[in-house]
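Asks: Provided herewith is a single structure, encoded as structure tokens, for subsequent inquiry.
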Amino acid sequence: MGTVGDAANKDTNGSLAEKKPTVVFVLGGPGSGKGTQCANIVQHFGFTHLSAGDLLRAEQKSGSENGTMIQNMIKEGKIVPSEVTIKLLQKAMEESGNDKFLIDGFPRNEENRAAFETVTQIEPAFVLFFDCSEEEMERRLLSRNEGREDDNIETIRKRFKVFLESSLPVIQHYESRGKVRKIDAGRPIEEVFESVKAIFTPKNEKAE
Ligand SMILES: Nc1ncnc2c1ncn2[C@@H]1O[C@H](COP(=O)(O)OP(=O)(O)OP(=O)(O)O)[C@@H](O)[C@H]1O
Ligand SMILES: Nc1ccn([C@H]2C[C@H](O)[C@@H](COP(=O)(O)O)O2)c(=O)n1
Ligand SMILES: [Mg+2]
């Protein structure tokens, strides 16, 4: 199977053209509700959900040679080198059999963003940005109860700092290109999803 981003298909003129998958980056601070809303989008709109954090945690638990490094980075709230994360994303995209992806929690810094663009030649269709106050995100993370090693107040503070210093500039990069769809994620789950649905529903299918 070819690498995502270099699948060759014939276009209407019969010449070889690249068939690129549709990618939506799903960004927002830790606990803003990215995973929760992605699960809803998958059900309604047929995307495959790929959470970079989930892929890294699975890689760590698989006994990979990068396991200890990944575990240490996650504990410190730091961003794992792009090479590792992009390989996991590419593999998951290839194995999915789908051509529409929600890439959740990636790109998390400028290095992630530039490397993904260079390696895959894929530009996101748009960037969904879940905007939420730190106070609310902290409350959610401390009551998530999924046994995540990074859901403790010390690591949460580090993750907030990395989000402000490294991830927000990525969102600003896409904002300046008109690609960001910002959602007030501080509301109840159902209300947030109403706003999400409006973004994913094609204009000609919206109620008058
Ligand atoms: N709108 C909401 N209102 C209240 N609680 C929410 C809302 N959205 C998600 N939650 C809850 O908050 C917690 C964090 O949500 P979720 O895991 O979706 O966030 P995330 O952005 O994926 O976080 P992370 O970046 O840490 O993976 C979960 O326990 C989830 O059930
Ligand atoms: N692009 C990414 C995404 C995630 N990580 C690491 C560091 C994060 O704190 C952790 C958890 O991610 P989440 O599940 O909260 O999205 O995973 C990374 O290094 N690079
Ligand atoms: Mg998540």
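Residue numbering: from 1, along the chain as shown.
Glycine is treated like the rest: Cβ placed from N, Cα and C.
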Asks: Besides Gly31, Ser32, Gly33, Lys34, Gly35, Thr36, Arg187, which of Arg108, Arg113, Arg144 does TrEMBL list for that ATP site?
Replies: Arg144
Asks: Please identify which of Arg57, Arg177 is recorded by TrEMBL as part of the ribonucleoside 5'-phosphate site containing Lys78, Ile79, Val80, Gly105, Phe106, Pro107, Arg108, Arg148, Arg159.
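Replies: My reading of TrEMBL gives Arg57 as the candidate in that site.
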Asks: Where among the binding-site residues Lys34, Arg57, Arg144, Arg187 do you find the Cβ with the fewest other Cβ atoms within 10 Å?
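Replies: Among the binding-site residues Lys34, Arg57, Arg144, Arg187, the lowest count of other Cβ atoms within 10 Å belongs to Arg144.
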Asks: List, in sequence order, those binding-site residues among Gly105, Pro107, Arg148 whose Cα sits within 10 Å of the Cα of Lys34 (ATP binding site).
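Replies: Checking each Cα against Lys34 (ATP binding site), the hits are Gly105.
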Asks: With respect to ligand 3, which members of the binding-site residues Gly31, Ser32, Gly33, Thr36, Pro107, Arg148 satisfy a Cβ distance under 6 angstroms to one of its atoms?
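Replies: Qualifying residues: none.
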